[in-house]
Amino acid sequence: MNIIAIPAFHDNYIWLLQQGSEVVCVDPGDATPVRQYLEAQRLQLAAIWLTHHHNDHIGGVAELKRLWPQATVYGHQTLGLADVAVAEGSRVPAFNAEADVWAVPGHTDTHLAYVLHGQGAQPTRVFCGDTLFSAGCGRVFTGTAAQLHHSLQRLNTLPENTLFYPAHEYTAANLRFAAAVEPANADVQAALTAAANTPTLPVTLAHERRINPFLRTDKAGVQAAAVAAGLPADQSTDSAAVFAALREWKNRF
């Protein structure tokens, strides 16, 4: 299976999973670059996986369905776009395998991730939309910070070689925030240098555990930074409270 990043808008990635002549498309906010790639490569669209309702993730669905009416759209029932409604515990076909659907609310209250568990030497792959970014996480819109914290904690239970495929290239900006949280973190500084004007995705969970402050809320330096940003000191060891304080700080950063 090949996984291809299709750039869209200013900083979106539309992910394509390709095997043989068929493709699964994740979060097509814009139909045009997807259509151009599929036509150039003589590929057929078999399915569309949707993580959440924001237009930069679903705006191209109608046009792609017009062009490839046989493609099956999977997504939460509230989207009104899904041929097959999916939720926590659902499984969706991925060629000769299946992906598990996880509910990962927080960015939105109905956000989903698609978890393609590794087979043999292949790592697990997660298409996580706007839940986890490299060195960051999504803003809270229709969900809550507590939900988003829980969702990231759940993603953090996967094997360390898991590959994450976020929907945005926000890495450099996120790393600047991570450096403000942990100025002495050499891994953050190295990643910031490497990220300059360079695509950074996908990323491994092992890498994120070293650089992502939202996965490091148990670290003393991160806790101290959250207190300096306004978290009451008596909440500094409460992982969810530290997470919420970091998210508020990042909103202002």
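Heads up, the Cβ atoms here are built off N, Cα and C, so glycines get one too.
Marked as domain 'Metallo-beta-lactamase' by TrEMBL: 11-168.
What TrEMBL records for His52, His54, His107, Asp130 is Zn(2+) 1 binding site. Its Cβ placed at the centre, His52 (Zn(2+) 1 binding site) has 28 other Cβ atoms within 10 Å.
If you look up TrEMBL, you'll see Asp56, His57, Asp130, His168 marked as Zn(2+) 2 binding site. The Cβ of Asp56 (Zn(2+) 2 binding site) lies under 8 Å from the Cβ of Ala8, Phe9, Asn12, Gly29, Asp30, each on the same chain and at least six residues away in sequence. Taken residue by residue with DSSP, Asp56 (Zn(2+) 2 binding site) is part of a helix.
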Open item on the list: Centre the Cβ atoms of His52, His54, His107, Asp130, go out 8 Å, and tell me which other residues of that chain have a Cβ in range of the Zn(2+) 1 site.
Closed with: Thr51, His53, His57, Thr108, His111, Gly129, Thr131, Gly138, Phe141, Ala167
Open item on the list: Suppose the Zn(2+) 2 site is Asp56, His57, Asp130, His168. Which further residues of the same chain have a Cβ inside 8 angstroms of that site's Cβ centroid?
Closed with: Asn12, Asp27, Gly29, Thr51, His52, His54, Gly129, Ala167
Open item on the list: Are there any residues at least 6 positions away along the chain from His107 (Zn(2+) 1 binding site) with a Cβ closer than 8 Å to its Cβ? List them or say none.
Closed with: His52, Gly129, Asp130, Thr131, Cys137, Gly138, Arg139, Val140, Phe141, Gly143, Leu148
Task: Entry from the binding-site residues list His54, His57 having the most other CB atoms no farther than 10 A - done: His57
